[in-house]
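Scroll down for the structure; my scribbles are underneath it.
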Amino acid sequence: MLSSASLPLSRKAHRIAVSTLFFLLGLCFSSWGSRIPSIQQKLHLSETQLGAVLFALPVGLMLSLPFTGWLTSKIGSRKVVTFALLLYSSTLVLIGMSQSILHLVSVLFLFGFASNMANISVNTQAVGVESLYKKSIMASFHGLWSLAGFAGAAVGTLMIGADVEPLEHFFIIMAVILAGTAIAYPYTFPKDAPVPADQPLFVKPDKSLMGLGLIAFCSLICEGAMFDWSGVYFQKVVGAEKAWVAAGYTAFMSTMAFTRFIADWLTMKLGLKRVLQFSGLLTAIGFTISVAFPNLVTAIIGFLLVGAGVSAVVPLVYGVAGKSKTMAPSMALAAVSTIGFAGFLVGPPLIGMLAGISSLRLSFATIALMGISVALLSSRIKTEEG
């Protein structure tokens, strides 16, 4: 990495620029998420059809993982993240233009592809900026992504209330993203760590990166469960009234966002390994409380703990992966993301399958084991602190 002395801009300027990019990424994704019901209604999709259509997004994301890491290592994260944000916001507008299922599936595939290009390259940028600070600041970047999630959802709610069509809404978001990217670009981190000229497209991760990937895998199973099943859990297990069905998801998201802003400080005070171990235990305790005492108040408390528990795991794991001594930061991040994101895909259908065999309550109890796995696996990772 470049030292701060060799950079023409202050490290604070780089941090603000990369923070802006994280916020724009979160805004783009949450803007799409806030209008899914509108798109479903517009195209007259059943729940089954919508589920099948939505699968195009993670397919595009997964297929882009190795390519994005390789491309970033070749031309630099600065160029890739700029192009990715242009593509990401453009495909958001194309989603609003969709007139058929085939059109929507094709665009969602590109949306997922662009999403991951932006994700890997912006995290590579974050690794570069973090190297200037000589301390953990990765979680704060991800905190801004979560904060943008709230902002995007709020704007989406206002747009729906004002009867603004998704296409018009998405054009506004695209304009914000393009303007923000143009302003931030001159201040982004200029050069990633050097990589071999013959860097192959596919590189097998070493044992340490595999371990980090497994930690991310277990944590993202929990995240996927909360994103897709929290509302159903509150409706069918907790028996919440209609106005309170989303309370669990809101509780989860709020503590996930808040804890990401203090996770770096906690890491400096307690050490990365302890924070990861405590995060895993907190996740397991949160799920256990929600399962053992499935009433409104205790379930909300449990979901608050799960949000706090999963919040720091992926950002901290990405931070360690980006310092890999055996692979370029972008390739290491792509490798860990590939393993980790598989958990995000596996989690929701796993819960559905277990719920079909037994009950939704028991399936959530099983997911609690993933939190314990995070704690156990974290005890084996090697960091600079030992």
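Even glycines carry a Cβ here, placed using N, Cα and C.
Residues or ranges marked as domain 'Major facilitator superfamily (MFS) profile' in TrEMBL: 14-383. Among the features that TrEMBL reports, transmembrane segment is placed at 49-68, 143-164, 170-188, 209-231, 243-263, 275-293, 299-320, 332-351, 357-377.
The listed stretches are 170-188, 243-263, 275-293, 299-320, 357-377; of these, 243-263 has the most Cβ pairs under 8 Å to the transmembrane segment (143-164).
Contact check: the transmembrane segment (299-320) against the transmembrane segment (170-188) gives fewer than three Cβ pairs closer than 8 Å, residues 6 or more apart, which falls short of the contact criterion. Mean pLDDT of the predicted structure over the domain 'Major facilitator superfamily (MFS) profile' (14-383): 88.
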